[in-house]
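K.L.:
Sharing a structure below in structure tokens format, with a few things to ask.
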Amino acid sequence: MPTPVPHNAPSIDLEEISSHWPPVADFSNETPAQRDERLAHEREAKRINDEIDAQIEIEKSERRRRRPDIRIILLGQAESGKSTILRNFQLKYAPTAFRAEAEAWRAVIDLNLVRSVTFLLNLLEESGPVTTSTANAGSGGGGGTERPTSPSDTKIMPLRLLTDDLRRLRVSLSPLRNIEESLARFISPDHYPRRVGSLGGKSGSGSSSPSAPPPTERAFEVSVRSGSRWKSLFKGSGGGSGAMSKARSQEYEEVRNARRVIEACREDMVALWNHPAVRAGLADQSVSLEFQSGFFLDAVDRIAAPGYEPSPADILKARIQTLGVEEHPLRVETNQAGGSLAWEHGQLWSIIDVGGSRALRAAWLPYFDDVNMLLFIAPVSAFNQTLTEDRSVNRLWDSFLLWKSLCVHKLLKKATFVLLLNKYDLLDAKLQSGIEFRDFVTSYRDRPNKTDDVLQYLKGKFSAIYQQDPQNTLTLHVHVTCATDSNSTSIVLTRIREVIFRDNFKKANLL
């Protein structure tokens with residue numbers, strides 16, 4: 001509450017005050033000693049002031065140095081391949097930093113592998129139906145002929161008859177359930193708090209073969225929040241330097257133990273995946289695990305071998321969900337390894353990776369400002385799938401709607417738009433297997449069910465949406481990608497880099 005002004009407060013003449021300001025110093029009566037002391041104080045004050053000014057200039061220069069030369073934002077729905085495209089950027093332009101994170105990605109690859117195995121183990125349980133995250137649920141319903149449709153929700157039923165060898169595999173592989181929890185908890189401790197009975201902890205029953213979790217409680221993938229710096233948890237973690245807390249050291253030891261169990265289960269994992277009854281059971285219910293992100297069952301012999309080190313291809317294939325928005329600084333390294341030009345060496349790029357689920361899209365807006373390029377990743381293989389968060393919405397239809405909202409956004413009018421039609425390899429596999437594209441995209445009508453024809457159709461649809469807004473004066477760049485193929489993606493990234501600098505030169509009137 002403001003202090004009340006008394007009625008008898010004196011009046012103030014502002015013009016009179018300003019005419020006497022600043023006051024004039026009178027040194028006429030100071031002694032020589034006082035003069036020397038005053039001048040010494042003034043010199044010291046000037047020295048301090050000069051140091052402050054110099055520090056301010058250094059900080060300004062540092063801010064200018066740290067300010068990214070290029071800002072790229074990766075947008076698209078969940079599981080579109082945004083994080084994989086980011087890893088391709090890191091592999092191509094910052095390979096040293098990319099290789100330094102291999103140990104962290106090995107834990108993610110182990111987790112991806114174990115989750116696929118435990119999914120198969122659930123098929124061997126004598127319980128109710130299991131819901132798979134790959135099920136194509138809901139219906140397209142309404143919205144005109146352009147809207148893709150989807151089949152009904154699919155429940156995965158356990159195998160009715162188990163042979164003796166399947167029962168043996170169910171028992172021998174049951175320790176992997178605890179492995180799954182240990183790995184997930186280490187990578188994302190906020191999402192997976194320690195539970196009694198976890199690997200390395202105390203088990204209430206003493207059993208090493210816990211029963212399968214209820215299907216509705218089984219998370220399909222691990223999630224990490226932006227800013228969690230989960231990859232840094234593995235740096236120096238095995239050296240006993242005291243950098244980690246005792247609890248984290250114990251959990252890291254659990255990760256090591258998990259690796260030993262995976263190695264011990266290698267032959268049984270191979271046997272489970274190759275078992276004819278398991279393959280037939282999946283095929284009968286139209287479940288294709290090999291179309292999922294983070295599928296490594298076809299490489300168990302190599303990944304579960306002692307001394308395994310992830311290859312760049314393995315790291316690109318690994319799956320971990322991003323929650324929130326994370327800005328990744330990328331310092332361009334040598335022109336030999338990364339394929340960059342000599343003058344680009346040392347440039348700082350900022351690549352913004354955002355969570356693509358519907359609940360997270362409201363957080364995108366603050367990152368649109370001052371973006372040089374928007375990379376939109378559309379997973380073309382998702383034409384027969386639905387959103388995890390809304391089983392009534394076809395994923396391809398959602399990509400169209402999301403793309404349209406970005407094409408008309410006012411904050412993005414100065415950004416260069418690049419469209420990546422991603423996962424064409426999975427699209428080709430689905431079409432080759434006999435799945436008809438027109439069954440899910442009715443406007444495709446009687447066009448050939450061939451990959452090239454479908455891609456040309458989708459390219460035309462996305463391009464038409466971009467061209468609907470007359471304010472979109474910059475050229476739209478469209479590329480077909482398989483983000484897990486580093487060789488083909490490297491060529492696309494080279495073209496993207498050329499577009500970035502060509503457009504920047506145009507904006508600066510240098511071309």
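Any Cβ shown, glycine's included, is placed from N, Cα and C.
Residues or ranges marked as GTP binding site in TrEMBL: Leu316, Lys317, Ala318, Arg319, Ile320, Gln321, Thr322, Asn422, Lys423, Tyr424, Asp425, Ala483. Here TrEMBL flags Thr322 as Mg(2+) binding site. Among the features that TrEMBL reports, region 'Disordered' is placed at 130-155, 195-219.
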K.L.:
Write out the long-range same-chain contacts of Leu316 (GTP binding site), meaning residues 6 or more apart in sequence whose Cβ is under 8 Å from its Cβ.
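P.N.:
The list for Leu316 (GTP binding site) reads Thr84, Arg87, Asn88, Leu91, Ala483, Thr484, Ser486, given in order along the sequence.
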K.L.:
For the GTP site made of Leu316, Lys317, Ala318, Arg319, Ile320, Gln321, Thr322, Asn422, Lys423, Tyr424, Asp425, Ala483, how many Å separate the two farthest Cα atoms?
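P.N.:
Result: 23 Å between the two most distant Cα atoms.
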K.L.:
Does DSSP give Asp425 (GTP binding site) helix, strand or coil?
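P.N.:
DSSP call for Asp425 (GTP binding site): helix.
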K.L.:
Test of understanding: give the count of other CB atoms lying within 10 angstroms of the CB of Ala318 (GTP binding site).
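P.N.:
That number is 24.
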K.L.:
Per DSSP, Thr322 (GTP binding site) is which: helix, strand or coil?
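P.N.:
Note: Thr322 (GTP binding site) is in a strand by DSSP.
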K.L.:
If you run the three-state DSSP split on Leu316 (GTP binding site), which class comes out?
P.N.:
helix
